[in-house]
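Enquirer: Structure provided below as structure tokens; questions to follow.
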Amino acid sequence: MAESQQQFADNKVDLKGDNDHHDDDINNLESITLVEGGPNLLLREKQPLVSNQTSHRDEVAECDDKHLSGVLVHSESRTISGHWVWKRLQDIRNSFHHVILGTKLNCLLLCIPVAIFMVHADYGKGWIFVFSLLGMLPLAERLGFVTEQLSYFTGPTVGGLLNATFGNATEIIICVFALKDDMIRVVQLSLLGSILSNMLLVLGCAFFFGGLVHSNDQKFNKGTAQVSSGLLLMAVMGLLFPAVLHATHTELEYGASELSLSRFSSIIMLAAYSSFIYFQLRSDKEHSNDAEEEQGDSGFLRPNSHVLTFWDSIFWLTALTIFISVLSQYLVDAINGASAAWNVPLPFISVIILPIVGNAAEHASAIMFAVKDKLDISLGVAIGSSTQISMFVIPFCVIIGWPMGTQMDLNFQLFETATLFITVLVVAFMLQEGTANYFKGLMLVLCYLIVGASFFVHRDSLDPHCTYSAH
């Protein structure tokens, strides 16, 4: 009996060991599947269960990662694109705000569509002239602003060239259209009027209002003023000899000699003005280097005052030039009709009215800087602009008229040349002391009134469209 019980216990232990070994085989190594051939026939496939499950999970996880990565990349790309578009829209809005709404003259922009409508509706020449002139006022002021913004990216040399070219872009565009229509007298008189307006009216108002605000005499850089006065006297020389040669009838060939002399003198004047620009830029660079050496490591940083990007400046420069070109064409076509309709001499319109409106922005700038006791900047606006016109714009018109077949010369006639000569002498005497006050400004303004009255009673015998009466 005892032997039977012991044998039963041993068998039970063996059975338990077999079961444990069988469970380990099933759970750890193999999978059991039922195949055809009988319900009791088992086939052991050597495919690990745990490896299968892990591999499947890895494949699913990998697919999920790839899908999620693709979604994230696409989402990030859309986010970057959206940020770029939004930033670009903000840049356009800011540039529009600074260029169009950044001036108090923006209300005059409404005159542009009015002028275009009047031209197509064939209104009177006088009204077309008025609205075209008023529409050009904010465009000319904004053109100077955009040119200044562009100079921050081009450097001092190119910036000086841009300021020389686009600073008087309005006058240049008007002159090009007038030369195309062979209106040489309009070109000569309008450029002469710009010089007289800047030297007498603009500078006179700056001296006068600056002197009223500041009781003591205001001082400015006498050396720079004398250099500008010398250039103006050189311009008078270039205009005086062709006029005297024509008036005295001493040229070798009538008309041809003074034209050849004018073209030769224009080339010399352009070379002299280019040298002046180079000299001025180099002097400014040396002064700025000296100022930096004096400051040392004080941590002073020049403020970044540009508000437009490079390409925004290029875009607005192109757009403003196009609109100024359109209005300039309207202005040139209507000036003779306006002179006849108003019974006002053409020299008075060209020498007095055109420059006063066209240089209104410069008038305001010169007065503002003089009131702030920055008279050197006022002189740069007034005398610098006169120097640009006399030494750059006038010779440029003579040279560009050469291939156009237009006989533009430096013979501004004796009356106009004498007026310019006396004006340059008066201004040179006013600047020789290096000081300014309200009395000097009043004298310059009164001289401009005399000049205006002289051109109101002056009849231009060379104007073939002159149909008015000066009485």
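Every residue gets a Cβ built from N, Cα and C, even glycine.
All annotation found in TrEMBL is predicted automatically rather than curated by experts.
Pulled the feature table from TrEMBL, pasting it below:
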COMPBIAS  11-21  compositional bias 'Basic and acidic residues'
DOMAIN    127-281  domain 'Sodium/calcium exchanger membrane region'
DOMAIN    313-451  domain 'Sodium/calcium exchanger membrane region'
REGION    1-21  region 'Disordered'
TRANSMEM  96-119  transmembrane segment
TRANSMEM  157-179  transmembrane segment
TRANSMEM  191-213  transmembrane segment
TRANSMEM  225-248  transmembrane segment
TRANSMEM  260-279  transmembrane segment
TRANSMEM  313-332  transmembrane segment
TRANSMEM  344-371  transmembrane segment
TRANSMEM  377-402  transmembrane segment
TRANSMEM  414-432  transmembrane segment
TRANSMEM  438-457  transmembrane segment
Enquirer: So what's near the transmembrane segment (191-213) in sequence-distant terms, Cβ-Cβ under 8 Å and 6+ beyond its ends?
Expert: 168, 171, 175, 232, 350-352, 354-356, 358-359, 362-363, 366-367, 369-371, 373, 375, 378-379, 381-383, 385-386, 389-390, 393-394, 397, 412, 416, 419-420, 423-424, 426-427, 430, 436-445, 447-448, 451
Enquirer: For the transmembrane segment (96-119), could you work out the same-chain residues 6 or more beyond its ends whose Cβ comes under 8 Å from its Cβ atoms?
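Expert: Distal contacts: 127-128, 131-132, 134-135, 137-139, 141-142, 145-146, 307-308, 316, 323, 326-327, 330, 361.
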Enquirer: Are there residues at least 6 beyond the ends of the transmembrane segment (225-248) whose Cβ is under 8 Å from a Cβ of it, and what are they?
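Expert: Hits for the transmembrane segment (225-248): 199, 257-258, 261-262, 265-266, 268-269, 272-273, 276, 379, 383-384, 386-387, 390-391, 394-395, 409-414, 416-417, 420-421, 424, 427-428, 431-432, 434.
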Enquirer: Would you list the DSSP helix, strand and coil counts for the residues of the domain 'Sodium/calcium exchanger membrane region' (313-451)?
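Expert: With helix first, then strand, then coil, the domain 'Sodium/calcium exchanger membrane region' (313-451) has 117 helix, 2 strand, 20 coil.
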